[in-house]
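**Student:** Attaching a single structure in structure tokens format; questions to follow.
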Amino acid sequence: MSDLDRGNVRLAPEKSPDLTTGGGGTPVVPPPARRRARKGIGWPARLEIALMTGPTLLVFLSFVILPVAMAAYYGFFSWQGYGPAEEFIGFRNYLFIFKDGTFIDALRHNGVIVVLSLLLQGPAAILLALLLNRRMRGQTLIRVLVFVPYVIAEVVVGIGWSLMLHGDGFVNSILADLGLAWLQNDWLSDPQIAIWTLMGILTWKYIGFAVILFLAGLQGIPEELTEAAAIDGASYWQIQRRITLPLLGPTIRIWAFLSMIGALQLFDLVYIIWGQYIAATAGTSTMATYMVANGRNAGEYGYGNAVAVVLFFISLVAALIYQRFILRRDTAGAITGGKN
Amino acid sequence: MTATAVIGRRAPRARRRPAWGNPSVYFVALLLIATMLAPVVYIIVGGFRTNAQITTDPAGWPNPWRFENYLDVLTGGTFWRQVLNSTIVGVATTAAVVTLGLMTSFILARYRFWGREAMYSLFAAGLMFPLTVAITPLYILIKNLGLMNTLPGVILPQIGFAIPMTIIILVPFVRAIPDEIQEAASIDGCSRLGFFWRMVLPLSKPGVITVGILTFIQSWNSYLLPLFILNREETFTLPLGVQAFASQYSVDTAKVLAFTSLSMIPALLFFSLFQRRIVGGLTGAVKG
């Protein structure tokens, strides 16, 4: 723009004086002394921005945002998936969803899974993380092994567990060998038990993730604090209760958020182990398995889209409520990249 | 603090060797590991048994050890074709996600322009659009694009859905590169894009590796999307293949176990090679 500006082109990167590192929040690195406040940016920079974000935006908009918009549109139609959607039926799909007892059941199962995931995995994972955070030999190996189930594909987990759990499979046989034959059960199809079986498998599969997150959070807690407390005579459990847990709070809250969303969207394991028909009778069906069974598998794509929209809004409302009341402190400014 | 924390965390690791602690800690840890590994061991060992052995004693040890199941799977073409498909999908998805994600993160972290915050929020909001919700319309979209039963039909949506997490992890990494480095580079005559190539790329390597591993493992294990898009057996990825195999040979439990355990080897191998990166990267992600 000006001589000064042109003179600076080589000297200072055009962008750096303008950088607000915190992105709206407080700058992480104090910006270097501003040479001059710039209003706009040059054409080369604009070209760079377009070239380097364009492809990403294109893929993201066409394969993430557009399908969600399409779901909202097709949800108002009775449509079998071929030809143009012509039979507009307003909100009838939605009315049908909430009148369908099968969906209400699935919704209830999702609720149970969300709550039980938090109650079962949370405390267990915190205890395990505390345990694995103690100085011990083989720490790295143990951490890796705890994470193994998380890395294994849902399909493998599903097939492995269903072979182990079926009537005369590994689990019942082990119980017999241990003299615990009275504990033998029809683990997968008894509606009283199936949901607990599912919770057991979910806990086994996903607790490693929680443990790793918590371990990461624990590493961020300065040792000086616990050492000081120990010098002041606090016991191990007092230290964990009064110092570690509160400081681990943000990590726990983020994990709980991820866990909640994951539980609301749960599909793979249920569909693989129980399949679309048995899941409903065994009491493990979820909104997502209901969506696939009554949408694509039934050839009712309009209806499937409506279920997707309902599933999305339920997740969204849950997420917003959670963020509003619980995560707010932790994520203040996170959307703009600010750090706490 | 994210990226700096991750980078800086390595230092205190090189402390003195920990002493042997409380034995009960080891006992609980051992119990935990046994629980975590038992099903995996069951699948692997079960593949070495015969169906007769499995039926008579479901919880027994192979006696004698039989290698036919594994050999059958390894010498058949099905398994390798699915490995190839999964590899193509995984590598293509990972390469594209890392490339696109890093370029976009660089712009979002280092450029100041109108709409930057909106763009970041848009990507961040993408976290709220899980694949499960979009799967039905995605299937229609892919069908309209003529990509049904093709690997790109799986790769493209996977890239889209991996982008938000990638950007959330990488932006702090790029942002944590001190401005002084950029200024120094620019004094030495380095353009903005040169700075990207010479400084940003190497300095954000830990973040890139983490994102890459997570994307690859996720792609390797992904089930729902291939289930909708790939209906022809020659295009199956491993998860679909494993399930098809399990229902096709449902009476041949031993062979199913062999097939299943072979299919999890690549992800386990990949994970054990890079586990430190994953754990380190999640540290960054959760703090971000």
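Easy rule for this one: first residue shown is 1, then count along the chain.
Just so it is clear, glycine is given a Cβ too, placed from its N, Cα and C backbone atoms.
TrEMBL: automatically predicted annotations, no manual curation.
Annotation source TrEMBL lists transmembrane segment at B:25-45, B:88-108, B:120-142, B:154-174, B:195-217, B:256-274. Among the features that TrEMBL reports, domain 'ABC transmembrane type-1' is placed at B:83-274.
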**Student:** Rank B:25-45, B:88-108, B:195-217, B:256-274 by Cβ pairs under 8 Å to the transmembrane segment (B:154-174) and hand me the top one.
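**Tutor:** Of the candidates B:25-45, B:88-108, B:195-217, B:256-274, B:88-108 scores highest.
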**Student:** Count the CB pairs under 8 A between the transmembrane segment (B:195-217) and each of B:25-45, B:88-108, B:120-142, then give me the winner.
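**Tutor:** The listed stretch sharing the most Cβ pairs with the transmembrane segment (B:195-217) is B:88-108.
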**Student:** Are there residues at least 6 beyond the ends of the transmembrane segment (B:88-108) whose Cβ is under 8 Å from a Cβ of it, and what are they?
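**Tutor:** Result: 116, 119-120, 123, 151, 154-155, 158-159, 162-163, 166-167, 170-171, 173-174, 196, 200-201, 204, 208, 211-212, 215-216, 219-220, 226, 237.
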